[in-house]
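What follows is a set of notes on a single structure, which appears directly below.
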Amino acid sequence: RPRFCELAPSAGSCFGFVSSYYYNRYSNTCHSFTYSGCGKNANRFRTIDECNRTCVV
């Protein structure tokens, strides 16, 4: 899996509400979270399927 999958999720610092997904390295699963619209890192996906394909072993 790519190294960015190990990053903690980042909600960002703006005021938007975008439903997103991140990979949780401890449970080896993807979870939903609310992204603010800016200040992201690479461990953010638009769909749970994209997260699973990229990060779940």
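Using N, Cα and C of the backbone, Cβ positions are placed for all residues, glycine too.
Taken from Swiss-Prot, the feature disulfide bond covers Cys5-Cys55 (among others). Annotation note: Cys55 (disulfide bond) sits in a helical segment as assigned by DSSP.
Per Swiss-Prot, disulfide bond is recorded for Cys14-Cys38 (among others). Of all Cβ atoms in the protein chains displayed, 11 besides its own lie within 10 Å of the Cβ of Cys38 (disulfide bond).
Swiss-Prot lists Cys30-Cys51 (among others) with the feature disulfide bond. Following the DSSP three-state reduction, the secondary structure of Cys30 (disulfide bond) is strand. In the shown protein chains, 22 other C-beta atoms lie within 10 A of the C-beta of Cys30 (disulfide bond).
Per Swiss-Prot, the feature domain 'BPTI/Kunitz inhibitor' maps to 5-55; the stated evidence is sequence analysis.
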Discussion item. Which secondary structure state does DSSP assign to Cys38 (disulfide bond), in the simple three-class scheme?
Written reply: coil
Worksheet item: Among all the protein chains here, how many other CB atoms are within 10 A of the CB of Cys55 (disulfide bond)?
Response: 22
Item to complete: Run through the Cβ atoms and count how many others sit within 10 Å of the one on Cys14 (disulfide bond).
Response: 13
Practice prompt. Counting other Cβ atoms within 10 Å, pick out the least crowded of the disulfide-bonded residues Cys5, Cys51.
Written response: Cys5
